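Engineer: First the structure, then my questions, so here it is.
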């Protein structure tokens, strides 16, 4: 039996070894389909990253599908049941790297647009796709650079679906209508190196830092709100010493991360952390890396359309959550656009034997098409 249009396209994309930041021709496959639909194609290459901005129409509102063609490395090939870049259906599941994250979603986007335009060629507004090959990597030259380009020419996105695998047990059971912010601190506490037998001649930075770290870990940063859990502080890495048991270290390196809600700003986090470190009298350097601000789309046309579309297909309402890591939605949300994430089940993402139910991709295609209908008809 031949594959359905969405499965055939998903397999075509998945067969391409597009480990970040490689695109491996995936965007060319999408472009060939979009050109037949009269999309204006714009390829934006920034350093090692290939980005696609494809738009049909010039009127508002502008509805955008956003996603990425890059995937994480396959890892040990011996642990895969099937070759990771030879997509195969086994017992109703489509296996291969990118099945869930997120080439399956890309196929659903394209096919849903094709079907929507066949039925509604004179729809209101415009449709676009924003696709990058730099989501799984450092995310420097991908979506954020495309957004900078669009903003510079006053091209405004009104609504955006990001095809990240948002679902937990069944496709569409969870819709992400926001994400927590993420900020990382790289802390170096300075002391004086010495012999462990002569502690009075040294200054142990580990001993001095531990009470401060304990206070940071015990602090209630906020209580969250209706949409976000309380802000989380986690120590990720610790490093100190020479490896010898008789040397007091001269420095202590600590890396920690905050996943923060809309109750806090990155500025407030920095101020409170510095206040605690200073109160403990530490001599330190602290470098901050902000990965993204929290964002929330709590009401409006898009959330209503997505919830209704999922309910039409699944006959149950999805949960609206903000859990999980960061996504490229944060770069789009900063423009004021309504942003929602809707995609496949995420149980196997970034794992060996990544897979997704083939039937789920058919459902997701239907959901995307219904969102378009509810937003642009």
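Heads up, the Cβ atoms here are built off N, Cα and C, so glycines get one too.
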Engineer: Looking at Zn(2+) 1 binding as recorded in Swiss-Prot, which candidate out of 68, 195, 200 goes with 101, 164?
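Structural biologist: For Zn(2+) 1, Swiss-Prot names 101, 164; of 68, 195, 200, the listed one is 68.
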Engineer: Anything within 10 Å of residue 68 (Zn(2+) 1 binding site)? Look among the recorded positions 135, 136, 350, comparing CA atoms, and list what you find.
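Structural biologist: If one measures from the Cα of residue 68 (Zn(2+) 1 binding site), the recorded positions that come within 10 Å are 135, 136.
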Engineer: Select the most exposed residue of 101, 136, 164, where exposure means the fewest other Cβ atoms within 10 Å, treating these as the binding-site residues.
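Structural biologist: Candidates: the binding-site residues 101, 136, 164. Fewest Cβ atoms within 10 Å: 136.
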Engineer: Between residue 350 (Zn(2+) 2 binding site) and residue 164 (Zn(2+) 1 binding site), what C-alpha distance do you get in Å?
Structural biologist: 12
Engineer: I need the neighbours of the Zn(2+) 1 site defined by 68, 101, 164. Which other residues of that chain put their C-beta within 8 angstroms of the C-beta centroid, in sequence order?
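Structural biologist: Checked against the 8 Å cutoff, the neighbours are 67, 102, 105, 135, 136, 162, 163, 165, 327, 343, 349.
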Engineer: Round to the nearest Å and give the CA-to-CA distance linking residue 101 (Zn(2+) 1 binding site) with residue 70 (active site).
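Structural biologist: Residue 101 (Zn(2+) 1 binding site) and residue 70 (active site) have their Cα atoms 9 Å apart.
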